[in-house]
Amino acid sequence: MFGLSGCCDCVQRSGYQQISIGHGPRFGVRHIQCILVFCGLAVAYALRVNLSVAIVAMTDRNATNPDFEEFDWDESIKSYLLSSFFWGYVVTQVPGGYLSHKYGAKFTFLWGILICSLLALLTPFCAEIGGWAFVLALRATQGLCQGMIFPSTHTFLSKWAPAEERGRLVTYCYSGAQFGTVIMLTISGFIASSWMGWPSIFYISGFGGLLWCIFWYLYSYSTPADHPTITQNERRYIETFGQPRRQSSVGGRRESSAMRTPWCQIFTSVPFLTLLIVHCANNWGFWTLLTEIPTYMKNILGIDIRNNGPLSALPYFAMTVLAFLFIFIADILNRNGAMPLAFSRKLFNTLGMWIPMVALIGLGYITTSQSTKLAITLLTVAVGVNAATYLGFQVNHIDLSPNFAGTLMGLTNCAANIMSIIAPLSVGLIVTDEENPLQWRIVFYLTAGFYFLGNLLFLICGRTSPRTWNFPATDSDSHSDYSSLSSNDNLNETEPLQQHSSS
């Protein structure tokens with residue numbers, strides 16, 4: 001295995017040079033921006049999952065406050081409602097990546113949360129006057145708004161996260177999604193059972209989103225160059241530390257917003273196509289569990305909605321905690337550049353997908369409510385350990401192309417969330433009897449299969465070095481030179497794992 005010096009030599013020989021300019025402050029402006037992103041993703045997921053618990057109360061008044069309207073929606077309608085969010089969500093993924101790249105992630109993130117929050121406030125009214133059809137349309141529109149959020153987040157972090165801190169800061173930010181899930185799933189059951197009733201689930205999440213929008217508008221900036229109070233030392237550290245560049249790019253930077261998106265090179269890149277497939281596999285498992293845990297716990301484990309919310313949130317609380325634990329482990333393993341970046345990404349991705357796979361197989365053998373504790377433990381493991389993927393494929397978009405990270409996230413998240421549409425619908429087709437554990441076993445086995453195949457492909461074909469199409473062509477670059485670089489890039493996709501440097 002190459003040492004750090006060997007890795008740098010490899011970078012120099014392949015046409016790149018390593019630029020290193022000290023260390024930034026331990027806590028600086030970049031961390032404040034990440035805190036805002038953490039809170040924004042928490043709000044986004046609270047708005048996204050509020051219906052998962054609320055729909056139980058909306059269709060069974062005896063389980064909560066009987067003073068509020070009950071809707072006669074069968075399992076098929078509920079499956080459509082739970083999946084409708086993703087109908088709109090997949091549509092704006094790629095446009096969201098493009099718009100955040102061109103106009104700045106601050107504004108695409110802001111408008112996504114703002115409109116989604118306003119629509120959340122209208123959900124009870126739409127359900128009352130238009131029934132499930134109006135709610136379905138509203139949820140699809142919310143999906144359209146939130147489709148820009150993940151591409152915007154990746155674009156935002158590609159500007160604010162130094163290469164040395166990339167895995168750590170990305171994981172910090174994205175753990176906000178699980179934090180928002182925990183809060184919403186925990187309090188929703190209590191809110192629905194209180195004097196406020198199930199409509200307040202939507203009111204609280206909606207007003208929370210509006211409050212966040214105020215802070216985001218006032219204190220966030222799309223790039224370090226836009227921030228009025230950032231120190232020059234921290235700005236230089238963010239923009240240049242550990243960033244590999246083409247030799248011709250050093251000495252003159254070209255704004256990434258002015259670069260043309262290399263669509264052909266992206267869609268013919270094996271590492272990118274691998275990333276797309278593993279993202280799809282992970283989303284099938286994650287969203288199957290997220291949308292169906294409340295129903296499974298009620299009908300198989302016999303847990304009513306008062307306890308359903310907190311217990312449904314337990315796996316996502318574990319995911320939040322384990323995300324920080326995995327950051328700590330990664331910092332130890334990567335200390336002094338001892339672990340190649342590619343090995344680190346694949347190690348954590350394996351932990352995040354294959355351990356949940358084993359837990360889901362075990363979960364398939366639980367057939368009665370007498371095994372409640374074991375079922376909850378396995379569910380917690382299946383969801384919680386998935387946090388390791390934040391240090392795996394989830395950050396790989398920025399590894400492959402910092403300049404087009406938002407676009408790559410838009411593309412993979414678009415495809416992955418088609419799985420988020422199909423997964424709840426497939427549960428509705430497989431589970432015709434919600435109290436039949438054998439039918440739930442099929443669901444868990446299918447999910448485990450997706451986890452296995454997705455990570456296996458990532459181990460074989462996943463890469464972490466920046467692709468040559470990430471870098472802008474300059475006036476001094478001839479067409480033949482660029483073609484030569486592109487050819488070398490394809491060869492790099494098959495390089496041994498040991499040849500990748502650690503950031």
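Cβ from N, Cα, C; glycine included.
These features come from TrEMBL:
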| type | residues | note |
| --- | --- | --- |
| COMPBIAS | 481-491 | compositional bias 'Low complexity' |
| COMPBIAS | 493-503 | compositional bias 'Polar residues' |
| DOMAIN | 32-466 | domain 'Major facilitator superfamily (MFS) profile' |
| REGION | 476-503 | region 'Disordered' |
| TRANSMEM | 35-59 | transmembrane segment |
| TRANSMEM | 107-125 | transmembrane segment |
| TRANSMEM | 171-195 | transmembrane segment |
| TRANSMEM | 201-219 | transmembrane segment |
| TRANSMEM | 263-287 | transmembrane segment |
| TRANSMEM | 313-334 | transmembrane segment |
| TRANSMEM | 346-368 | transmembrane segment |
| TRANSMEM | 374-393 | transmembrane segment |
| TRANSMEM | 405-430 | transmembrane segment |
| TRANSMEM | 442-461 | transmembrane segment |
Cβ pairs under 8 Å between the transmembrane segment (374-393) and the transmembrane segment (313-334), at least three: yes
Leading stretch by Cβ pairs under 8 Å, where the reference is the transmembrane segment (263-287) and the options are 35-59, 346-368, 442-461: 442-461
Average model confidence [pLDDT] within the domain 'Major facilitator superfamily (MFS) profile' (32-466): 85
Cβ pairs under 8 Å between the transmembrane segment (35-59) and the transmembrane segment (201-219), at least three: yes
Selected stretch (most C-beta pairs under 8 A with the transmembrane segment (346-368)) from 107-125, 171-195, 442-461: 442-461
Leading contact stretch, 107-125, 171-195, 313-334, 405-430, 442-461 vs the transmembrane segment (201-219) - CB distance under 8 Å: 107-125
